[in-house]
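Asker: Next up is a structure, given as structure tokens.
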């Protein structure tokens, strides 16, 4: 059992969230505290609770977000500042971010901004873009936050050079301050939660005993001495050794690995010891990567620089090694013994020739970490009964230079594409290569040395000729099979040369610094050798200021904190899976297809039904209503019964007493398929003419005449990939049968409560009035929860109906990404006609979207792409066609922009082509083609009161675009290998649903006799602050403070037939409905205001109540 499961399911502490279950998102971050007897100090460190085994926490104190503060009691400054700085939107990531910051402050009450950024490398936020989080927490740092020029202590940014100059052409009606740091409670390190004295006494007074835990499928053995560890390894040679569980936890969770015996030697003194020898620093194999980093940083500060080349290379890799939560528990020995071919550190250890001490109960041996250490994929030379005791990192020599490199899709917390470490030693005082080691990860099944290349370069001088030889030799030696796992063969092979080139330049600079006569690195190549150090981000937010004289109670237009921000920061905000467990509740796990297109021949669930905890399996025959489903067309199944049309197609479900039992049983279900030919890509669909109907066409003007008129015609194409929504809270549903009349209550994380209600009712075969769907908040949606949530909700409802018991299911991240679709991949073909002036006169564009295995909302997505095919540009003759490609992938769906970004992206592609073909600046061509007042769009909308040209010119002016452009051009001319870019792009985006009937909303407002107001409306809260805005609307219309108004949730039994919260229109639609309801109530209260003009709000409400006036009103807007 993990710590996260124990916290949430056993203790009911739901503030700690599950985001990915693999230590990648940080939503589950907690702080562990341990008393270290060898230093007599407390160690506080952040960890991922989703990977921390409960049995590894003996004598450890665990601090969760609930433990440091609460709304009812008192907020901790870490919680207060993220909330008041607007750093919590959907709030699902907020508890993890709070705990990362809290752990940092417990160790360092005055951190630098770089420390804050490092602490968040292991935390993801999908909503905020991190800006408000960093701005709020900057107030804790030595750099300090912005005091607005009031000279606040802690270092004013305007005096220490970190200030942002205020724009000289800032308008008087604009404001920039979103919060006042002076209002924050100060941080007092003396008032933190103390380490439990009982634990300290136990740790000090007892010699740690051996521990043994027995689980259903595994035994956890925690030896207390090296001798016992060696004995256990001899008795259980196949046992898995676990320190941080950062690798084994993933294998057990996602790769279905079972390890009957686990040895946990994390606290054996010899494995944690760090000693300095004449040759280097020896680290025990259980030393964490964080501890190793701290020791190496200290060594770099105290030792002569020439001795620390290897240490600096290791530290450079540790900068980008996972997140801090992982480094705090992952052991250096585990990194070596995992033998990953894309390890970040093993290439450094190999290039440096580190010594490894291996041991078994009969003795020890020392081996060098060379090309013979890794014997195959994830295999080493260690014998089954041996353990890794320690690793020695050697000191470098004066004529030795070491560098390490990592290339990954993103810099922080990501797995490598290629890693490399390079170690060269020269004959003292010369540039003649005496020894050279080039080590690469990601280029074979193991970490490898480029020995042939290195041997051929010995005795050569470090110059241009050596560089040419090295590149030629590496290209021959570092080869990859075209079908190699991970793909990107050409890119990876190129990286081996590029990384050597960076090393070559770096060494040239270091040799010159030592006075060796080598060629000088050209100034335009210097940037290739630079080590990346991110600048601390700075920003300014500009918004319209509230006019003078407006009442302070009128919150409209003011930067009001998200209503739930404080609860989100303390972990008290209740998300769907945080709803307390029902007494007889069960858990559901899905059975999904492993084939993209196949007929189902048989499904054997007998093995699953015999597994521990399993109650039953659910298949299509258990659906009492209709198996056909879908948000618009009923072209999907709730549960597949004859054929599957994508990998991840739901074929059934297993219901058990716990999530673990249900998921294990679901994997035991055996399915026999008759495979059919799948269509996966857009190109395959075009070749097979596999399209959904209809094919949409949008046309204006005379296309032929336009192309005849044009001076130039160009054609092109563009491929746009898909995108995963990655809402931090995965899809979750809790279905509770009510016991009579077929009624059922569902708690769902969905943007579309009404559609969930109707499709669940359809599957259950009951009227919609028997189903209530409740949505308090979502941990993000981004369109992914507009229609695809029903894929899960209907199955869970069917299972609950069958068993007449509450059933819950929250998908794991891998399940969610497998089952649900994402943004539509697009392929665009275009033909553009334009004049010598740059004016575009004709456009013919065809869009192809990868729709997936059902239509879902794809026709509407394509229509919006067509509406945006000219973006903000006036083109007299235009035709756009949209093709929906029917493929065997999970149905793609709504995603922020809803087809608009794809349409505009392809538009900007051909606009750039036009500018490039004419040799003119792109911004000039864009400005020339902008819409102007009174023109018609391709969809025949007359543009009235258009400010596009004014906005464009103002944006150029206020941003200093031309000056920035000139600076970019100068930089690019002076740097060959790194380039900067700058562009300005207009955007014209359609607000509201394109299906007119969806542009409606309802609201219900109750006024109670104490003057408090309960408000509900048809929109759902997913972090965008919709509830906050609705309270602001009601506050203004009713003329009362926001504190008197409360929104509990969105539910289908208060506001019926609601449209999805989507289309950038929910504030407008629901705000109109709230306004309508509040105006109705105002009319009813007006007579009492007239009678008692000096009375209070409560006086008027009480008078109306005693006069039998209805204090509840519906609102509607369309």
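Placed from the backbone N, Cα and C atoms, the Cβ positions cover glycine too.
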Asker: Would you please say which range out of 1008-1028, 1029-1049, 1050-1070 has the annotation region 'Disordered' in TrEMBL?
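Answerer: Range annotated as region 'Disordered' by TrEMBL: 1050-1070.
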Asker: Under the DSSP assignment, what numbers of helix, strand and coil residues are found in the region 'Disordered' (1050-1070)?
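Answerer: Going through the region 'Disordered' (1050-1070) residue by residue, I get 5 helix, 2 strand, 14 coil.
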Asker: I need the CA-to-CA distance for residue 25 ([2Fe-2S] cluster 1 binding site) versus residue 898 (substrate binding site), whole Å please.
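Answerer: Here the two Cα atoms lie 26 Å apart.
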Asker: Given a 10 Å Cβ-Cβ cut-off, pick out the one of the binding-site residues 321, 898 that has the most other Cβ atoms nearby.
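Answerer: Going through 321, 898 one by one, the largest Cβ count within 10 Å is at 898.
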Asker: Can you tell me which of the binding-site residues 241, 243, 245 is spatially closest to residue 20 ([2Fe-2S] cluster 1 binding site)? Compare CA atoms only.
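Answerer: With Cα distances computed to residue 20 ([2Fe-2S] cluster 1 binding site), the winner among 241, 243, 245 is 245.
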Asker: Under DSSP, the domain '2Fe-2S ferredoxin-type' (1-68) has how many residues in helix, strand and coil?
Answerer: 14 helix, 21 strand, 33 coil
Asker: For residue 388 (FAD binding site), which of the binding-site residues 50, 90, 125, 864 has the nearest Cα in space?
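Answerer: Going through 50, 90, 125, 864 one by one, the Cα closest to that of residue 388 (FAD binding site) is 50.
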Asker: For the recorded [2Fe-2S] cluster 2 site formed by 90, 93, 125, 127, which further same-chain residues have Cβ atoms within 8 Å of the site's Cβ center?
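Answerer: Here the non-site neighbours turn out to be 88, 89, 91, 92, 94, 124, 126, 128, 728, 779, 780, 1023.
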Asker: Whose Cβ lies within 8 Å of the mean position of the Cβ atoms of 786, 864, 898, 994, the substrate site, other than those residues?
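Answerer: Leaving out the recorded residues gives 857, 860, 861, 863, 894, 899, 900, 993, 1062, 1063.
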Asker: List, in sequence order, the residues of the same chain other than 20, 25, 28, 50 whose Cβ lies within 8 Å of the centroid of the Cβ atoms of the recorded [2Fe-2S] cluster 1 site.
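Answerer: Going along the sequence, the neighbours come out as 4, 17, 18, 19, 21, 22, 23, 24, 26, 27, 48, 49, 96, 813.
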Asker: Between residue 50 ([2Fe-2S] cluster 1 binding site) and residue 245 (FAD binding site), how many Å separate their Cα atoms?
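Answerer: Each residue's Cα considered, residue 50 ([2Fe-2S] cluster 1 binding site) and residue 245 (FAD binding site) end up 10 Å apart.
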